[in-house]
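Enquirer: Below is a structure I'd like to ask you about.
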Amino acid sequence: MKVLALRHSVAQVYADTQVYTHDDSKDEYENAFLISNLTTHNILYLNYSVKTLQILNKSGIAAIEIQKMDELFTLIRCNFTYDYIDDVVYLHDYSYYTNNEIRTDQHWITKTNIEDYLLPGWKLTYVGYNGSDTRGHYNFSFRCQNAATDDDAIIEYIYSDELDFQSFILKKIKERMTTSLPIARLSNRVFRDKLFKTLSVNHDKVVNIGPRNESMFTFLDHPSIKQFSNGPYLVKDTIKLKQERWLGKRLSQFDIGQYKNMLNVLTTLYQYYDIYHEKPIVYMIGSAPSYWIYDVKQYSDLKFETWDPLDTPYSNLHHKELFYINDVQRLKDNSILYIDIRTDRGTMDWKEWRKMVERQTTDNLHIAYKYLSTGKAKICCVKMTAMDLELPISAKLLHHPTTEIRSEFYLMMDIWDSKNIKRFIPKGVLYSYINNTITENVFIQQPFKLKTLKNEYIIALYALSNDLNNREDVVKLINNQKKALITVRINNTFKDEPKVGFKNIYDWTFLPTDFETNGSIITSYDGCLGIFGLSISLASKPTGNNHLFILSGTDKYFKLDQFANHMSISRRSHQIRFSESATSYSGYIFRDLSNNNFNLIGTNVENSVSGHVYNALIYYRYNYSFDLKRWIYLHSTGKASIEGGKYYEHAPIELIYACRSAREFAKLQDDVTVLRYSNEIENYINKVYSITYADDPNYFIGVKFKNIPYKYNVKVPHLTFGVLNISEQMLPDVIVILKKFKNELFGMEITTSYTYMLSDEVYVANISGVLSTYFKIYNAFYKEQITFGQSRMFIPHVTLSFSNEKTVRIDNTKLYIDSIYLRKIKGDTVFDMTG
């Protein structure tokens, strides 16, 4: 949802839009809670409070002040990510298709012939890093830019088996127009940039597990972050390959040679970061014009020095000349060298051309070895061709996508590799590597071993759920790692599937109850965004490829109502109850009936089950930004930090009742996952709360009334306001609590309206209006370790007779309290008080 704050109402009506006017009788937190549970996508918030907007944004719900109609029109028609700290809106708006254009934020693409293969009459537009060049389109009171691009489709095409780009991009645009927006993926770059900048400032050592190419620009400015990936393809790994011949397969209609060069250099750069943890000088020989340097410089201040007879416009220092082996002495330490020397074939005979290529390959290798033979802190990536070669066994082979698969591949070496044992590799084996291997990632660092790190902050986004990892080891890491942000695939199946397929892999699935963490926040993507200064206008699809975000060691843990809070907890319930269900009271009715409380009079105002816990369980797929386990734990320990709002502290037994209702709901819906989740949350409640039951009571609290509007034949009709199992030494403590609640007890608005048979030969009158006070007193007794209340639900009633009688219905009648007393069962009254 998105909340657009206005000082004045607007005359125009918008689809899927609701108006909310700030309620001055409620504080900012209550207003935020009410807004968050509205069911439309767009909320026009009138007479707004800035504090309420802050609360919503911290909760991950995009909430923005609107000053002009242009701002309203722009934000209401698309989704966006909002940086509420820096006041920047990142639109995810594809309406630019109506200009017959596709967009990119990678400059090198604009220098290719891609426009020859677009839809007829279409063009390509460069929009800058996260759409920064579009800021001029929006003259708004906040900074606004459109981060939507088609780079995801272009890159997917490059790695696909499709050759016809026009057909491919047409299909992708049609898909984009007919399927739900993948909002998390679109906002992820904004999130990653914010996340790693924040963590790099706050933590000395940061470890990142499982980066992919989507992050290849994100980490350019973070050389100290330690990366873990799937490891490199080494020369010695070719021993498994059978010999093949030249294939000559075209991968792309438009020229992607620059993309290949960029990936080669970035792979080398990140290998340098991995070893030396600082930025090198980047030397490049023969890869002009290297327009992609412009892209790299949008993210980092890396320095490039280049050699080529052709211009390299974005190099810091370009030598418009050939590079010879004697020029190696001009190259400094603390550097990487990219060698991409290859003479154009022109009209040369094929055999002559082949001889020249092999000779240049040998020369390139000599330059690489000479560069690595002296000095320190150096890594080299050199262009190779398939030929009989001796190569160091520990050198890394690279084969990033290029326009055509021919004879070309690349070799990456550091100083140690260049001095290592060399092995003869036949030409046919290298062709086998080239024909069958595409390097899919610029991050080729070693895999992460699933163990805790004492002084490091671990980040693992979408990296650990894969079933190649041992599930128990993943759980153990999350339980024990002190500082981390780790994601795992949420179990949003209905049959409690232990793993689910995604693309061509399988992921383990998890619920919050799979982890034993008492210092971590377990939330959703949008809940995590709020913690890092971002909010989003569209939540993830409830049955999509969704993840739990687990933050350990955060200073936000105790701020229960500010982050990963209960905002939107009733939203799905409202959507169902006010549209599909038999009555808008369905949730209240079901919760009472499923706990054998059949008095439904006033069920919507006097309910004995925690609606928070019930909704958090049965609709967890729709809102798991609310960290239910943390909410339970902090209340059980009394450590919850509450900033504001009308906050009602549930008695632990209300939480148990909610689990029982959720369990009943799950059985009716055949939802095996919710059934397990409810059981495990109930077990967790029993673990963190020391709940005892007075199922064998020796005292009770009685309420005697001045008026009973029914016939009765018991000696003194009374309401049993709970039973206790206590020693005589505890009587003074019980009496102190009763005295403390005297005014509230006598102030209860107690009513009755019918009689019924509670059981065979037990004829009673219903009682309404006491549950709220009952649970407050329950909490007071619980905190003093006084056993109060039974394991079955407390159903308020007055016993009238121990015989079978007919039900009587009367007008709702108020009952007036005469006295409240504490009496021993089958014994004497030990305390009483009157109003």
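Here the Cβ of each residue, glycine as well, is placed from N, Cα and C on the backbone.
According to Swiss-Prot:
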ACT_SITE  HIS718  active site, for 2'-5'-phosphodiesterase activity
ACT_SITE  THR720  active site, for 2'-5'-phosphodiesterase activity
ACT_SITE  HIS797  active site, for 2'-5'-phosphodiesterase activity
ACT_SITE  THR799  active site, for 2'-5'-phosphodiesterase activity
REGION    171-245  region 'N7-methyltransferase activity'
REGION    246-428  region '2'-O-methyltransferase activity'
REGION    429-555  region 'N7-methyltransferase activity'
REGION    556-692  region 'GTase/RTPase activity'
REGION    693-835  region '2'-5'-phosphodiesterase activity'
Enquirer: I need the CA-to-CA distance for HIS718 (active site, for 2'-5'-phosphodiesterase activity) versus THR799 (active site, for 2'-5'-phosphodiesterase activity), whole Å please.
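Expert: Cα to Cα, HIS718 (active site, for 2'-5'-phosphodiesterase activity) and THR799 (active site, for 2'-5'-phosphodiesterase activity) are separated by 7 Å.
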Enquirer: For the region 'N7-methyltransferase activity' (429-555), how many residues does DSSP put in helix, in strand and in coil?
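Expert: With helix first, then strand, then coil, the region 'N7-methyltransferase activity' (429-555) has 28 helix, 34 strand, 65 coil.
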Enquirer: How many other Cβ atoms sit within 10 Å of the Cβ of HIS797 (active site, for 2'-5'-phosphodiesterase activity)?
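Expert: The answer is 19 other Cβ atoms.
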Enquirer: May I have the DSSP-based helix, strand and coil counts for the residues of the region 'GTase/RTPase activity' (556-692)?
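Expert: Counting residues by DSSP class gives 68 helix, 2 strand, 67 coil.
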Enquirer: Does anything in the same chain, at least 6 positions from THR720 (active site, for 2'-5'-phosphodiesterase activity), have a Cβ under 8 Å from its Cβ, and if so what?
Expert: PHE700, ILE701, GLY702
Enquirer: Counting all other Cβ atoms within 10 Å across every protein chain shown, which of the active-site residues HIS718, THR799 scores highest?
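Expert: Top count of Cβ atoms within 10 Å goes to HIS718.
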Enquirer: Tally the residues of the region 'N7-methyltransferase activity' (171-245) by DSSP class, grouping H, G and I as helix, E and B as strand, and everything else as coil.
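Expert: Split by secondary structure, the region 'N7-methyltransferase activity' (171-245) comes out as 37 helix, 9 strand, 29 coil.
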Enquirer: For the region '2'-5'-phosphodiesterase activity' (693-835), how many residues does DSSP put in helix, in strand and in coil?
Expert: 31 helix, 57 strand, 55 coil
Enquirer: Express the predicted model's confidence over the region 'GTase/RTPase activity' (556-692) as a mean pLDDT, rounded to an integer.
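Expert: Computed over the region 'GTase/RTPase activity' (556-692), the mean pLDDT is 90 on the 0 to 100 scale.
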